[in-house]
Amino acid sequence: MLRNISRGHILILAVFLPVFLGLVYIYYKNTFSSFTFCEPCYNDNKLEEDVKELVEKVEVKQCPDNASWKIGDFTIQPGVTYAQPSTQLGRTDVNSVTNWNVPLVWEGTFDPVVIDAIYKKMDPRIAVVVFAVGKYTRFLKGFIESGEKHFLVDFKVTYYIFTDNKKDVPEVARGKGRNISVIQVPSASRWQDVVLGRMKWATITIDKQIRNEADYLFMMDIDSVFHNRFGAESLSRLTAVLHRGYYKTKRNDFPYERRSNSKAYIPPGEGDYYYTAAVWGGYLEDMYQLVKYCYTMSQEDAKNKIEAVWQEESHLNKYLLYNKPTKVLSPEYLWSDYDKVPGDIKVVRISQLIKNYAEVRPNGGN
């Protein structure tokens, strides 16, 4: 398995990143690490173009298929006991396969014992990227504590916490092989800028750090709590989650970007599903391409003085329409405490918390 970038790329990163990104420091202490992007550089208009140019130029080449980390054969250790699978019985109230023939995952469509045993044998490293800017640091403790109980338990997991308030990151008891890395980012005056900034800082940090430390990466919203198992059934090359509000909606009623001058534009009559941007994941390199795409397209929109109706979620849906996900997760994998749970949702695995948006968002939720 080849997990490291080449010496040439390391040299480029070492020489140019401190100049363009205003890197202040990087330090590691046990399993709790941190680095900072200085705010004065962030406010420099020229830096925006420099960062974009750097991200485009310093792109690590894909490793050959026979050398890079990838899913292995579906092998399992002898002696694992589980119920015999049926060829006749299963969920009949929901669709469990997409029209491009990949799994659409619901409770009752997989055996957790079998799938965990398969993936644990592969021993993947999983990154979870969350942003806790401003008053959103209050959600960190609940997210991490519940994640330690339910999110890929007994797998290697690192929570990458992007925040403007490092001192508010709590110490939380974690299992073996489960770490925290803190990345300090500037504050924002609009919640929309926090959302769009996620793609920028995630793109840079994947290039700088995460690429060498993870095989899979999930982007998640911090204002959520895990309630039940969120396991290896979620892993694939590119995993998307159905938005709870639109999984029974006709495609022309999806909240896609319908303005043709936006890079996120999807014409009426097109579309598979409407995916949430609050949970999505996949192979590190595939996620890097998707995150970078959302950042680049939002920058193109900004040049044309337009902002996609749902920021990076609009660009995410545009990308996934033409680059199909290899696994789709049901709304079990992101529900909301605001909504009643219908009969087809047999288990809520993670749910967004009720909150006063006017109080927690930097611009009062507007």
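Backbone N, Cα and C define each Cβ position, glycine as well.
Residues or ranges marked as active site, nucleophile by TrEMBL: E313. The feature UDP-N-acetyl-alpha-D-galactosamine binding site is assigned by TrEMBL to F131, A132, V133, Y136, D221, I222, D223. Annotated Mn(2+) binding site per TrEMBL: D221, D223, in sequence order. Taken from TrEMBL, the feature transmembrane segment covers 9-28.
Features recorded in TrEMBL, as mapped to the structure shown.
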residue : record                                          : Cβ neighbours (10 Å)
F131    : UDP-N-acetyl-alpha-D-galactosamine binding site : 24
A132    : UDP-N-acetyl-alpha-D-galactosamine binding site : 23
V133    : UDP-N-acetyl-alpha-D-galactosamine binding site : 22
Y136    : UDP-N-acetyl-alpha-D-galactosamine binding site : 23
D221    : UDP-N-acetyl-alpha-D-galactosamine binding site : 20
I222    : UDP-N-acetyl-alpha-D-galactosamine binding site : 24
D223    : UDP-N-acetyl-alpha-D-galactosamine binding site : 20
E313    : active site, nucleophile                        : 23
Sorry to bug you, but what's the C-alpha spacing from E313 (active site, nucleophile) to F131 (UDP-N-acetyl-alpha-D-galactosamine binding site), rounded to the closest Å?
15
Rounding to whole Å, the Cα atoms of D223 (UDP-N-acetyl-alpha-D-galactosamine binding site) and the residue listed as 'active site, nucleophile' are apart by 16
Where E313 (active site, nucleophile) and V133 (UDP-N-acetyl-alpha-D-galactosamine binding site) are concerned, what is their Cα separation in Å, rounded?
19
